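Notes follow the structure.
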């Protein structure tokens, strides 16, 4: 083989490592797999726990007791029945029913299938009390990922400042792969809980390092907004595919199948990271970043973080409670439990890509304000649905509005750091991820308890009103002031453009184009 032919792959790798677009592809794929695993369990866990714990427990008791009662059960309706049992108890469809008959007397009625409730429509699950309790257990399981991520995020932000973004990104892939395999072979609630918590650790490394890497590569505010919109499109696509993919695979193939497919895709993502990111090389930031606690004292960053938290808390509350509510009120089959989230996922994918560009023109603060208001209105409409088709409108509006908020707030976080602090992004995107995780930790954990106490409709009213009430605070992000020292730096670097800026660190492998620091004139 000629030497020139051997050099072609290496030349491709060198060119790839210098390309910002391939870095965007790596982050896109990482967020895609993370959020596929996040949502693929949504339709699986409630039905899996119901099947293994409720039906499994009752079916083990039923065979021993239903056999002697078979002659009585075969009697036609409203016919007379002579019983040799005296105050005996028989089991029908897993429910214990008392049959009080006098010795040697006839009865003109049959025992009802359920002692104290009318017959359920075909396809409805039994055990309403079990389902009510399951709201809390499923909510805690879903929240465990976000709670762990909440704790780990600040440490990951500090780690990226010390060793760069590439090694934490690869660590996230390894942990995510282990979590996916554990999900595939877990058969109890405890093992599922551990796998979900382990996913939170991997997700923390992937999301903080990935978003920070994008912000460091795309230093121009307009380009960064577009790149964040594309990356969040990976998040949206993961949410889009996850729930329907999980429900269909679980219903027709088996519980392990969707997780094994995700594990294979995670291996491909790891190979891509090895080729593009060089995760063995330490590349610390040349400039010391602003401490996390200093950023947390910035009111503008707190407003942006609050918008991320409350807008995502709505869908986080829906994840554990909507499938169970559908099982109780709509008698939905397994495959519909995941399909209910499909309109929200499609509209989120459209919203993030559309407003990644439009938000910069119309004003990101206005885009976020409108988005939060629409989130609240959509949540208020969810309990009005009588079947799965009635959920299409509210869920579509919910996903589209959350896409508006996310695609606006993620670039704003980077812009606020450039404008008011040191242009090092690990810590600020750790805060953004903490806000996101607080929504997904508080939402499921409290949502299940609220549903059991006052019902699903009231849960939607509460979180809907919270989003509508918070929306006006986005007005404060309309024109945030810069710190005095940053104004002096910006005026020296870009005397004609008040909102153009360059980062204070050198980039390792990603040279910028000549016009990368030119800001759009009409950007707010």
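Cβ from N, Cα, C; glycine included.
Annotation comment: TrEMBL describes 21-45 (among others) as transmembrane segment.
The annotation domain 'Major facilitator superfamily (MFS) profile' is assigned in TrEMBL to 72-482.
Among the features that TrEMBL reports, transmembrane segment is placed at 171-195 (among others).
Look at TrEMBL and you will find 201-218 (among others) tagged as transmembrane segment.
Positions annotated as transmembrane segment by TrEMBL: 230-253 (among others). Among residues of the same chain six or more beyond the transmembrane segment (230-253), those with a C-beta under 8 A of the stretch's C-beta atoms are 24, 27-44, 47-48, 210-211, 214, 261, 333-342, 344-346, 348-349, 351-353, 356, 399, 403, 406-407, 410.
The feature transmembrane segment is assigned by TrEMBL to 259-279 (among others). Long-range contacts of the transmembrane segment (259-279) within the same chain: residues 13, 16-17, 22-23, 25-26, 29-30, 33, 36-37, 40, 166-167, 169-170, 173-174, 176-177, 180-181, 183-184, 249, each at least 6 residues beyond the stretch ends and with a Cβ under 8 Å from a Cβ of the stretch.
Summarising the annotation, TrEMBL assigns transmembrane segment to 300-318 (among others).
The transmembrane segment feature in TrEMBL is assigned to 338-358 (among others).
The annotation transmembrane segment is assigned in TrEMBL to 365-385 (among others).
Packing against the transmembrane segment (397-417) from elsewhere in the chain are residues 211, 215, 221, 224-225, 228-229, 232, 235-236, 290, 295, 298, 300-301, 304-305, 307-308, 311-312, 314-315, 318, 343-356, 359-360, 364-365, 367-368, 370-375, 377-379, 381-382, 423-425, 428-429, 431-432, 477, 480: each is 6 or more residues past its ends and has a CB under 8 Å from a CB in it. The transmembrane segment annotation in TrEMBL covers 397-417 (among others).
Summarising the annotation, TrEMBL assigns transmembrane segment to 424-443 (among others). Only residues 6 or more beyond the boundaries of the transmembrane segment (424-443), in the same chain, are considered here, and those with a CB under 8 A from a CB of the stretch are 142-143, 145-147, 149-150, 153-154, 156-161, 165, 200, 204, 207-209, 211-212, 215-216, 285, 287-292, 295-296, 301, 304-306, 308-317, 319, 409-410, 413-414, 416-417, 463, 504-505.
Look at TrEMBL and you will find 455-477 (among others) tagged as transmembrane segment.
Sequence-distant neighbours of the transmembrane segment (365-385) (same chain, 6+ residues past either end, Cβ-Cβ under 8 Å): 307, 310-311, 314, 318, 322, 355, 358-359, 391, 393-395, 397-398, 400-405, 407-409, 412, 456-457, 460-461, 463-468, 470-472, 474-478, 524. Among residues of the same chain six or more beyond the transmembrane segment (455-477), those with a C-beta under 8 A of the stretch's C-beta atoms are 299-300, 303-304, 306-307, 310-311, 313-314, 317, 321-322, 325, 364-366, 368-370, 372-373, 375-380, 382-383, 412, 443, 447. Across 171-195, 300-318, 338-358, the stretch most heavily in contact with the transmembrane segment (201-218), judged by Cβ pairs under 8 Å, is 171-195. Sequence-distant contacts of the transmembrane segment (21-45), counting only residues of its own chain at least 6 positions beyond either end whose CB sits under 8 Å from a CB of the stretch, comprise 138, 141-142, 145, 169, 172-173, 176, 179-180, 183, 192, 196, 199, 202-203, 206-207, 210-211, 213-214, 217, 227, 230-239, 241-243, 245-247, 250, 255, 258-259, 262, 265-266, 269, 272-273, 276-277, 319-320, 323, 334, 337-338, 341, 345, 510.
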